[in-house]
Structures are given as C-alpha cells and as structure tokens.
Amino acid sequence: MMGNRDLEREGGTKPRNGSYHPPPTTAAPYYMENSESQWTSWLVPMIVVANVAMFIVVMFVNNCPSNINNFGSGGRRQCVARFLGRLSFQPLQDNPLFGPSSSTLQKLGALEWDKVVHGHQGWRLFTCIWLHAGVVHLLANMLSLVFIGIRLEQQFGFVRVGIIYLLSGIGGSVLSCLFIQRSISVGASGALFGLLGAMLSELLTNWSIYTNKAAALITLIIIIAINLAVGLLPHVDNYAHIGGFMSGFLLGFVLLLRPQFGWLERQHLPAEGRLKSKFKAYQYVLLLIATILLIVGFTVGLVMLFRGVKANEHCEWCRYLSCLRTSRWSCEN
C-alpha cells in the first residue's frame, strides 16, 4: 500500500519434511488524496533481522556435518555448501530449499499437531512463525515482508502493524493445526497474508478517502487470489495462508480506520459545517462485526484445537483448500 498521508497524524512531526508457507506476492499501490509525513518504519526491519538471526541459530543447531555420513561421494548423501561448516545445509533430497532437517525444525518449535494437543505445547503456535524451511523460503518471505510491511508501518505505525502481524500469524497457525496432523509446518506467510488481508479491509473501511479505488480493489483481489492459488501446490500449507488472511482482514477493520474526510479540518469550519462524528456509521458497524468475529473465531478455534478436534473429519471438502488433485498428487492423505 502506498500513500503519503495518515489522516490521524495531521500536523505530526516526521519522525513478514513438512509444510512451509511461501510468501505472498506484494500488492500494487493505491493512492490517497493528500500527502503528509509518515511514521518511520523500524519494526518491520527488526522482524527481518530477527528472522535471519533465528535461521542462523537453526542452522547452527542443525549441524549437518555431524548428523550425516559425509565422506566422499560414493553414493552417500553430502551436506550442501560444506565450506560453511556447521552452518551447511542438509542434502537436497532431504530439503530442496537449502535449510535444516525437519527434526531440527521440530525440536526448535515447528508447528506439530500432536505436540500442541497432547504435549500441551501451545507456544508452537507462535514459535513456528519465526522458523523457515530454508534459505529460499526465508528470502522470499522477508522480501515480501519488506515490500508489504514497510508501507503499512509508515502509514499506521508499529503498534497496529505489529499486532496485525503477530495475531495473523497465530491465526494461521491455529487453522493449520486444526487441519494438518501428519506433518510439521513453519514460516511467516500466515502473518504476511494477514498484512495483505489488512490492506484489503483498510481499503474497504476507508473507501471514501481514496482515489482509484476500483482499480486498487481489483488489483488486491487478483494478487490475493493468485497467492492463495499457489497454496494449492504440494507441501504448501494453504491453511496457514487462509487463517492468516482472515485474521488480518478482520483486524484491519478494527485497527486501520481513518477519520472521514474533513474531520481534521473541522476546527477551521463554522459550527454548522463541522462533522459530528470522526468516523462514518458504516465504519463503526464494520468495527463491531469484525471485533465479534475475531473473538468468536479465536475462541472457537483454540477450544477445538486443544480438545483435539481434527477439522478434516468434520469437513471432507476442506482438504481441497490446500490441495489440487492431479494425476500425480492425491489429496486423500
């Protein structure tokens, strides 16, 4: 999202073997009617640094040379980029994304249904957001986070964007864990899809103050549809994408409201011409509905999860939300 005006800051100073989550493609910009100073983005860069640092820690713990027979090439598997020593990657047949083993990810906090439900390790709903399956996965996610997140943080500040990022990531983890019981899942794409969802709801709830709104809406919908379609590929956790997107979409209605046009200039207008309300009636309605749905959704999802409910057993067609049946790929398992 682009735009140089945050209507809430008028007159202020200058001051993103298991499933993984591929990143969403970044959205095209849409513009606001006026311009003003922006927030300085620091949270998104810090999240990027934290993810990169975490990946280095994961590779250090993985220690490929010590957990694989790495002698010669006589039919034996070898670590990739062996010059990195302890930080070298697992053989490509184990992990084609240039990363650690699934057992290392599992040990360090990957999302796994059995450990969350029976091992009472609910913290994995959070920690899996900071783990990545490999260098390819990490770079793609972090580039997407920079392009999506920095613009949002400049417009709305670190508090609101941080809340959306974290809650969307957890929302994606909850939905993923409800539907996937036989593999682990890692990645920040649920949180990134939450930012995309928030961009869409922000456009809708602040509809009256944007120009080129129809083009912006169509562009966002196409981008979101393409990214969700990518989630139908094998070994991609589309449930995390959907859960993150839904969480971010609802959070956008709650956290990303802007005052209606003319509110900030009301003090310069005669009393009879001043706006009576900061937000329009439909914005309040959407905020209330979104708040209720968020509370109900997270409560029901968490209760179902910790009771051990397997959502696929109650919704057989839901498997096709994360799988495209082909002659070479079955959605039954």
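Cβ coordinates come from backbone N, Cα and C, glycine included.
Annotation source TrEMBL lists compositional bias 'Basic and acidic residues' at 1-13.
As annotated by TrEMBL, domain 'Peptidase S54 rhomboid' applies to 120-256. On the 0 to 100 pLDDT scale, the domain 'Peptidase S54 rhomboid' (120-256) averages 93 in the predicted structure.
TrEMBL lists 1-24 with the feature region 'Disordered'.
According to TrEMBL, the feature transmembrane segment maps to 42-61 (among others). A Cβ distance under 8 Å defines the sequence-distant neighbours of the transmembrane segment (42-61), meaning residues of its chain 6+ beyond its ends; these are 16, 84, 86-89, 99-100, 104-105, 107-108, 130-132, 135, 138, 141-142, 145-146, 149-150, 153, 158, 161-162, 165, 188.
Residues annotated as transmembrane segment in TrEMBL: 129-150 (among others).
As annotated by TrEMBL, transmembrane segment applies to 162-181 (among others).
Under the heading transmembrane segment, TrEMBL lists 187-207 (among others). For the transmembrane segment (187-207), the residues of the chain that approach it from at least six positions outside its boundaries are 1, 16, 20-24, 27, 30, 51, 128-133, 137, 141, 144-145, 148-149, 152, 161, 164-169, 171-173, 176, 213, 216-217, 220-221, 223-224, 227, 237, 240-253, 255-258, 282-283, 286-287, 290, judged by C-beta separation under 8 angstroms.
Per TrEMBL, transmembrane segment is recorded for 214-233 (among others).
Marked as transmembrane segment by TrEMBL: 239-257 (among others).
Residues or ranges marked as transmembrane segment by TrEMBL: 284-306 (among others). Only residues 6 or more beyond the boundaries of the transmembrane segment (284-306), in the same chain, are considered here, and those with a CB under 8 A from a CB of the stretch are 116-117, 122, 171, 174-175, 177-178, 201, 204-205, 246-247, 250-254, 257.
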Tally of residues which DSSP labels helix, strand or coil - the domain 'Peptidase S54 rhomboid' (120-256): 107 helix, 4 strand, 26 coil
For the transmembrane segment (162-181), the distant same-chain contacts (Cβ-Cβ under 8 Å, at least six residues beyond its ends) come to 16, 19, 21, 43, 47, 111, 113-114, 116-117, 124-126, 128-129, 149, 152, 188-191, 193-195, 197-198, 237, 239-248, 251-252, 255, 297-298, 301-302, 304-305, 309-312, 318-319, 322
